[in-house]
Amino acid sequence: MAAGADVPCAVLALLVLGSLAAGGDATAGFIKSPLSQRRLTQDSVELHCEAVGSPIPEIQWWFEGNEPNETSAQLWDGAWQDRVQINATYNLHSTSTIYIANLTSDDSGTYECRASNDPDRNHLSKSPKVKWIRSQANVLVIERPVITGQYSSSADKVVLSCNISAPPTLIKGHKWMLGDKVLKTDESDASSYISYTIEGKVEDHSGVYECIYNTNPVAKGNVSIEVEPQVVAYKKSEHGNEGDVGVLTCKSPSYPPVDHWAWYKSGQTVPLESSAGIYNISRTGNKTELRILKLNIEQDMGDYSCNGTNMKGSGSATVNLRVRSRLAALWPFLGIVAEVLVLVTIIFIYEKRRKPDEVLDDDDGGSAPLKSNATNHKDKNVRQRNAN
């Protein structure tokens with residue numbers, strides 16, 4: 001039915017836009033109407049309306065409660081103790097969205113979107129020539145059901161459970177979520193009692209878990225696992241050069257978030273504080289960072305402790321800081337130079353010792369050809385005698 005209802009709206013929009021292109025006037029008409037909805041108390045609701053016309057029509061929102069003698073009243077941005085917000089735009093056509101927060105049962109009733117482009121639509125004494133067009137949506141606010149959530153834990157397992165009483169409609173499944181992550185989905189279970197098992201220690205799985213029942217409207221409960229901060233160091237050991245900036249980081253993934261962070265140097269009971277030219281400490285939620293602006297090899301080297309505290313207790317971690325002298329970076333280069341010098345010296349000594357041996361070898365090589373020549377002469381004489 002929604003698709004069929006959109007067809008006349010689309011046709012009307014084309015007719016009005018065609019009239020606008022031709023430069024003529026056109027009475028106001030809806031191209032989107034608000035839809036009826038069901039909500040639970042403490043939830044919020046949003047209704048949307050769009051209209052076309054020439055000139056561009058004005059849109060207003062009106063409300064009439066379910067009480068027998070209640071009359072219709074216009075809604076304004078900021079009404080009902082600032083629970084009502086209305087956003088409207090007037091460009092090629094009119095759009096308006098009304099948002100109502102923290103619903104109560106008194107908010108049930110008929111919400112009406114009105115549109116008109118008659119010049120006299122808001123005149124106090126003159127009646128408009130064209131009546132306001134109207135589109136209505138019913139909002140039913142149902143009392144929120146009671147959902148009891150709890151957990152139990154052992155050495156290696158955590159069991160979450162929820163139980164709903166007086167669901168608004170039949171239950172058609174459920175799911176478990178942690179933040180934006182879906183942990184488990186069951187679309188066939190119609191039970192009011194549901195559970196979810198987590199393998200591991202309770203300290204490693206803190207947070208706010210949601211149990212969501214597939215009813216109309218959707219009913220949500222939560223199970224909160226709260227532990228003391230499980231503080232860990234980003235690196236257990238950090239290195240820095242003298243004169244540079246040293247950065248030590250700690251974090252806690254636990255829930256509730258850390259309320260207070262403190263840094264201590266080994267052997268000191270007074271926490272470090274940010275001071276110009278020495279320390280800069282940042283604390284952002286579950287993360288803290290200690291910056292030592294100019295590392296000193298004598299004063300800054302050692303162990304540092306980061307301590308986090310929340311409503312459940314406190315936790316800490318230790319980071320070891322090692323500071324190197326600026327000359328430390330030259331040692332590898334000096335080592336290479338020393339190796340090259342030793343190698344050159346060895347080659348030089350070897351060459352010096354090898355030269356006398358080469359001279360002796362040259363003398364022996366000069367006498368050898370003489371013996372060879374004498375032998376050749378003897379061979380020639382022997383061949384001559386044989387020839388004779």
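Cβ coordinates come from backbone N, Cα and C, glycine included.
Pulled from Swiss-Prot:
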| type | residues | note |
| --- | --- | --- |
| DISULFID | C49-C113 | disulfide bond |
| DISULFID | C162-C211 | disulfide bond |
| DISULFID | C250-C306 | disulfide bond |
| CARBOHYD | N163 | N-linked glycosylation site |
| CARBOHYD | N222 | N-linked glycosylation site |
| CARBOHYD | N280 | N-linked glycosylation site |
| CARBOHYD | N286 | N-linked glycosylation site |
| CARBOHYD | N307 | N-linked glycosylation site |
| REGION | 358-388 | region 'Disordered' |
| SIGNAL | 1-21 | signal peptide |
| TOPO_DOM | 27-323 | topological domain 'Extracellular' |
| TRANSMEM | 324-344 | transmembrane segment |
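Features as recorded by Swiss-Prot, highlighted on the structure.
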| residue | record | contacts (Cβ under 8 Å, 6+ apart) |
| --- | --- | --- |
| C49 | disulfide bond | F30, K32, S33, P34, I59, W61, T95, S96, T97, C113, A115, S135 |
| C162 | disulfide bond | I147, T148, G149, Y193, I194, S195, C211, G221, V223 |
| N163 | N-linked glycosylation site | I147, T148, S192, Y193, I194 |
| N222 | N-linked glycosylation site | G149, V208, Y209, E210, C211 |
| C250 | disulfide bond | V231, V232, A233, Y234, W261, K287, T288, E289, C306, G308, A317, V319 |
| N280 | N-linked glycosylation site | S274, L290, R291, L293 |
| N286 | N-linked glycosylation site | K251, S252, P253, S254, P257, V258, G308 |
| N307 | N-linked glycosylation site | V231, W261, A262, W263, Y264, P271, S314, G315, S316 |
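A 10 Å cutoff on Cβ-Cβ distances gives C113 (disulfide bond) a total of 25 other Cβ atoms nearby, all chains included. Here the topological domain 'Extracellular' (27-323) returns a mean pLDDT of 95 for the predicted model.
Other C-beta atoms found within 10 angstroms of the C-beta of C211 (disulfide bond) number 24, with every protein chain shown included. Under the DSSP three-state reduction, C49 (disulfide bond) is assigned to strand.
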